[in-house]
Ligand code: DSN
């Protein structure tokens, strides 16, 4: 529903772009697995008058006056986050997932210290040590990999060997393009052997952990988890750091985020995080999380039947990484552009040890978190996957592509984006 009345009156150019985006979201199938549709309540909190307020510091210990209500919302967000993820401490101030990761590194490490993370082409994230990021000028990153990209099994022997040799201070799990559940106990075992912190970046699967559809790494002894709040968790854009039980670590993290890395927190976003965490605590969210997994499986099945190679052989989570170049001779970029034309949005993605470059890689990455929010069940998700395959296999058949576009439009009309989930 349009709520841009004041923008319309005051700034027609921005208004036109907002309207265009609203229509794009309403009429297309969103399969980027890190995107979602938030509730109206989350949006209201996110655009609330809390954007007017400066609140450097933490509840009860701020640098400016007038903090009665900011303290209330930040405490609500922290308490709900702790309850959701079963931990003792939460810092809800990171403006983004990248800030959460960078703030954490500075909290736990000294310059020159080492982090052991997943090889980036096997699913890791930029902030896990990509050479283009500034953190690689400060910390040393060493790598483990999958043993076999067709099963997804992590090479834990290699991980242990590298850990013993390099003595990392952090053993890092959690990825943006890896679809399998991890052997968390193994990570913790290796981290303990070398005296490192076991850290998990749960950004992609935070909603699945909160909704109890996937395991919680804290149950296996992980020390800290970082996350975004806007992916499967279905909240506002933002980040968060959770500490299982060490008060000393939690204090270091607080200091690192403010004043170490950031200035004033975005209190409007923190209010929206509180609303999102409230939604995630509801029984309906558990149903949502469970349905994401079923819907992803339904899509996996269609790709398997179509003989399209999926990295790791399939998925245990909300995302699928398919080797369209290897299977169909179509690059990831070509597939992304083609599917965009029929109303399906997803992203091109590198696959493990990709021989093609990152701007035109071999793979596509997609998943059902957003369409599940829209009410799609297994039947509809399977149909979307069939339409994807049909489009890719008939990329030059204009008539067929136009029929697919029409079917997508009709599906979107049948499943409007909901405004409330409780
Ligand atoms: N850009 C995010 C994703 O799509 O996975 C990661 O930060």
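Every residue gets a Cβ built from N, Cα and C, even glycine.
These come from TrEMBL:
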BINDING   120, 124, 125, 126, 247  (6S)-5,6,7,8-tetrahydrofolate binding site
DOMAIN    8-387  domain 'Serine hydroxymethyltransferase-like'
MOD_RES   231  N6-(pyridoxal phosphate)lysine
SITE      230  site 'Plays an important role in substrate specificity'
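All features noted in TrEMBL, drawn onto the structure.
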residue: 120; record: (6S)-5,6,7,8-tetrahydrofolate binding site; contacts (Cβ under 8 Å, 6+ apart): 126, 128, 129, 130
residue: 124; record: (6S)-5,6,7,8-tetrahydrofolate binding site; contacts (Cβ under 8 Å, 6+ apart): 117, 118, 130, 175, 176
residue: 125; record: (6S)-5,6,7,8-tetrahydrofolate binding site; contacts (Cβ under 8 Å, 6+ apart): 101, 174, 175, 176, 201, 203
residue: 230; record: site 'Plays an important role in substrate specificity'; contacts (Cβ under 8 Å, 6+ apart): 34, 35, 36, 38, 236, 237, 238
residue: 231; record: N6-(pyridoxal phosphate)lysine; contacts (Cβ under 8 Å, 6+ apart): 33, 34, 35, 36, 203, 204, 206, 207, 369
residue: 247; record: (6S)-5,6,7,8-tetrahydrofolate binding site; contacts (Cβ under 8 Å, 6+ apart): 88, 89
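Model confidence over the domain 'Serine hydroxymethyltransferase-like' (8-387) is summarised by a mean pLDDT of 97.
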